[in-house]
Amino acid sequence: MKVVATILYLVVLAICGLGIHGAHPTHSAPPTVYPSVSFNLTEANSNEYRHFLQELRGKVILGSHRAFDLPVLNPESKVSDSDRFVLVRLTNPSRKKVTLAIDVVTFYVVAFAQNDRSYFFSGSSEVQRENLFVDTTQEDLNFKGDYTSLEHQVGFGRVYIPLGPKSLAQSISSLSTYKSSAGDNKRLARSLLVVIQMVSEAARFRYIQLRIQASITDAKEFTPDLLMLSMENKWSSMSSEIQQAQPGGAFAQVVKLLDQRNHPIDVTNFRRLFQLTSVAVLLHGCPTVTKMPAYIIKMPVFNGGEDEERCSVVEEVTRRIGGRDGFCAEVKNGDEKDGTPVQLSSCGEQSNQQWTFSTDGTIQSLGKCLTTSSSVMIYNCKVVPPESTKWVVSIDGTITNPRSGLVLTAPKAAEGTLVSLEKNVHAARQGWIVGNVEPLVTFIVGYEQMCLETNPGNNDVSLGDCSVKSASKVDQKWALYGDGTIRVNNDRSLCVTSEGKSSNEPIIILKCLGWANQRWVFNTDGTISNPDSKLVMHVDQNDVPLRKIILSHPSGTSNQQWIASTHPA
């Protein structure tokens with residue numbers, strides 16, 4: 001019996017030894033089943049790609065944190081290990097497959113798996129290694145997953161690396177067949193740069209999503225433009241600025257981007273940033289909670305939990321105020337005397353056009369408060385009743401005096417026009433922008449990646465194939481003004497106008513007159529709405545061949561989705 005017992009003991013010991021030193025790591029608990037999304041390139045079209053990104057955003061975004069109606073990712077402290085990752089399964093036409101792991105805290109690719117092996121970036125965390133691909137052989141890469149490290153491995157920047165369906169298919173093949181023993185880090189890093197931008201970055205920015213959708217539709221590759229690369233690089237800082245912005249969207253710091261020609265773009269407010277980037281998801285930053293009347297603020301600044309970390313409130317922001325027809329609000333003649341009126345004037349850098357927005361609700365220039373009385377003027381803040389110096393700036397550009405409920409209005413579009421207070425009718429003459437007072441020239445891309453256009457021979461607004469050629473017989477470039485108007489860039493006296501305020505009313509081009517039916521808001525859900533009618537621009541489904549544009553109730557359909565794009569692809 002002793003001999004038998006000894007033999008059994010040795011057998012058990014040998015089995016245990018094999019388990020410890022086997023090819024695969026052992027884990028005491030069963031692997032966590034993370035949610036997943038899939039994208040198959042075999043017969044994919046742009047709509048399937050769009051739905052894939054929508055599904056991915058839905059699984060990555062947890063909770064209800066929002067800033068200016070944009071979803072904010074949860075901080076690491078609020079995410080359990082069992083909810084930490086989302087898996088993205090990619091398949092190409094050659095039936096090669098790879099699975100990416102996305103961290104829901106950063107929306108970034110942290111590892112990938114193929115067959116029975118998985119690969120983690122250098123410096124991977126314990127949470128990643130203990131929860132991802134635990135039933136595979138895990139291997140470490142000898143470089144990190146940030147852009148600097150990946151570009152160093154490739155030997156050049158991602159500005160030279162094409163994106164599109166062909167590049168994605170090749171990258172899936174490269175990742176699915178990668179072996180660390182081969183040591184082809186250059187090819188691996190290049191493939192990772194492609195999938196990171198076509199998955200993570202496209203989910204973060206609808207601007208990037210649109211460019212990739214167009215490349216899928218046209219079966220053409222493209223290289224990232226400098227605006228696209230700069231928004232990728234600045235996602236963290238722009239997320240922070242948005243979450244700490246004042247209620248009207250003014251930033252404390254400038255977000256510095258680049259245009260396609262490498263010219264700097266200084267962005268000082270949320271409205272302009274969204275028009276440029278169509279950012280769809282924000283990285284978590286400590287939130288500032290500001291309570292404002294619901295009837296004034298349409299988009300909440302931040303909705304967070306009670307135990308969220310709080311940012312220090314930005315006490316003051318000094319910016320110009322842009323308004324009707326591109327004029328700026330200024331203290332008349334730069335006169336500092338109490339009672340000096342506020343007027344419209346050509347925008348400049350003079351001190352009497354600089355306005356300081358404070359958290360106490362005051363707006364000051366030349367050391368005096370913007371004050372409501374029989375007219376709009378500046379006055380000693382300590383002399384007049386406090387309620388006459390309080391203002392609320394809405395994200396749609398309305399500036400309201402809460403006591404009276406009246407709003408700043410520019411009765412005429414002319415130099416020297418005195419600013420008045422009037423009942424809010426959501427008119428373009430009542431639209432303002434804090435900072436970024438210069439119009440943004442852009443294409444407006446909508447249904448099936450077609451561009452909003454007008455023909456100089458009539459006043460119709462329709463959709464057409466996007467063209468960057470100056471010889472085109474139609475106008476597809478638009479100037480987005482701070483007063484909320486959308487103007488024909490070749491003739492900025494002409495505005496996009498709804499014929500009425502009811503559903504199915506056509507949208508046309510008329511002379512800019514500061515009307516309510518000439519004011520528009522680019523919303524974070526992708527719609528362009530008219531604040532007065534609360535209806536949105538809609539491609540008439542009954543008239544798609546003619547591509548007629550009408551007003552309609554919001555429905556969430558693709559023919560109500562628009563994006564401002566300085567590059568129409």
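Quick reminder: no glycine exception, Cβ is built from N, Cα and C everywhere.
Remember, it's a predicted structure, so these values are computed and weren't measured experimentally.
Cβ neighbours of Glu201 (active site) (same chain, under 8 Å, six or more residues apart in sequence): Ile208, Glu232. Residues or ranges marked as active site by Swiss-Prot: Glu201.
Residues or ranges marked as disulfide bond by Swiss-Prot on the basis of sequence analysis: Cys328-Cys347 (among others). Reduced to three states, the DSSP call for Cys328 (disulfide bond) is strand.
The Cβ of Cys369 (disulfide bond) lies under 8 Å from the Cβ of Thr362, Ile363, Ile378, Tyr379, Asn380, Cys381, Val384, Thr389, each of which sits 6+ residues away along the same chain. Reduced to three states, the DSSP call for Cys369 (disulfide bond) is strand. Residues or ranges marked as disulfide bond by Swiss-Prot on the basis of sequence analysis: Cys369-Cys381 (among others).
Among the features that Swiss-Prot reports, disulfide bond is placed at Cys451-Cys466 (among others). Cβ-based neighbour count (10 Å, all protein chains) for Cys466 (disulfide bond) stands at 20.
For Cys495-Cys512 (among others), the entry in Swiss-Prot reads disulfide bond, with the evidence type sequence analysis. Cβ environment of Cys512 (disulfide bond): Asp325, Ala413, Ala428, Thr485, Arg487, Arg492, Ser493, Leu494, Cys495, Gln518 lie under 8 Å away, each six or more residues apart in the same chain.
What Swiss-Prot lists as domain 'Ricin B-type lectin 1' is 315-435, and the listing cites sequence analysis.
Per Swiss-Prot, the feature domain 'Ricin B-type lectin 2' maps to 437-565; the stated evidence is sequence analysis. When pLDDT is averaged over the domain 'Ricin B-type lectin 2' (437-565), the result is 91.
Here the Cβ of Asn40 (N-linked glycosylation site) has 15 other Cβ atoms within 10 Å, regardless of which shown protein chain they belong to. Summarising the annotation, Swiss-Prot assigns N-linked glycosylation site to Asn40.
Tertiary proximity for the repeat '1-alpha' (325-365) is limited to same-chain residues at least six positions away from its ends with a CB under 8 Å from its CB atoms, namely 246, 248, 250, 313-319, 375-381, 383, 389-393, 399, 402, 408, 410, 412-419, 432, 434, 437-439, 481-483, 512, 514. Annotation source Swiss-Prot lists repeat '1-alpha' at 325-365.
Beyond its flanks by at least six residues, the repeat '1-beta' (366-401) meets 68, 246-250, 270-271, 292-293, 296-299, 321, 331, 334, 336, 338-342, 351-352, 355, 357, 360, 407-408, 418-421, 424, 426, 430-434, 482-484, 521, 531 of its own chain at Cβ-Cβ distances under 8 Å. For 366-401, the entry in Swiss-Prot reads repeat '1-beta'.
Within the chain, the repeat '1-gamma' (404-436) has long-range Cβ neighbours (under 8 A, six or more residues past its boundaries) at 246, 248-251, 266-269, 271-272, 317, 319-325, 327, 329, 332, 341-346, 355, 357, 372, 375-376, 393, 396-398, 482-485, 495, 512, 514-516, 518-519, 530-532. Swiss-Prot lists 404-436 with the feature repeat '1-gamma'.
The annotation repeat '2-alpha' is assigned in Swiss-Prot to 448-488. Residues 46, 210, 213-214, 217, 275, 322-326, 396-397, 410, 428-429, 431-433, 436-437, 439-442, 494-496, 507-510, 512, 514, 518-522, 531, 539, 546-549, 562, 564, 568-569 of the same chain lie 6 or more positions beyond the ends of the repeat '2-alpha' (448-488) yet place their CB under 8 Å from a CB of it.
Positions annotated as repeat '2-beta' by Swiss-Prot: 492-530. Remote same-chain residues near the repeat '2-beta' (492-530) are listed as 68-70, 206, 271, 274-275, 278, 280, 299, 324-325, 396, 410, 413, 425-431, 439, 444, 454, 459-461, 478-480, 483-486, 536-537, 548-554, 556, 560-564 (criterion: CB distance under 8 Å, separation of at least six residues from the stretch ends).
If you look up Swiss-Prot, you'll see 533-566 marked as repeat '2-gamma'.
Look at Swiss-Prot and you will find 1-28 tagged as signal peptide.
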Alpha-carbon spacing, Cys347 (disulfide bond) to Cys451 (disulfide bond), which is rounded to whole Å: 30
Cβ neighbour count (within 10 Å, all chains shown) around Cys451 (disulfide bond): 23
Cys328 (disulfide bond) versus recorded positions Asn40, Cys451, Cys466 - nearest by Cα: Cys451
For Cys347 (disulfide bond), the three-state class that DSSP assigns: coil
Rounded Cα-Cα span from Asn40 (N-linked glycosylation site) to Cys466 (disulfide bond), Å: 27
Most crowded position, judged by CB atoms within 10 A, among Cys328, Cys381, Cys495 as disulfide-bonded residues: Cys495
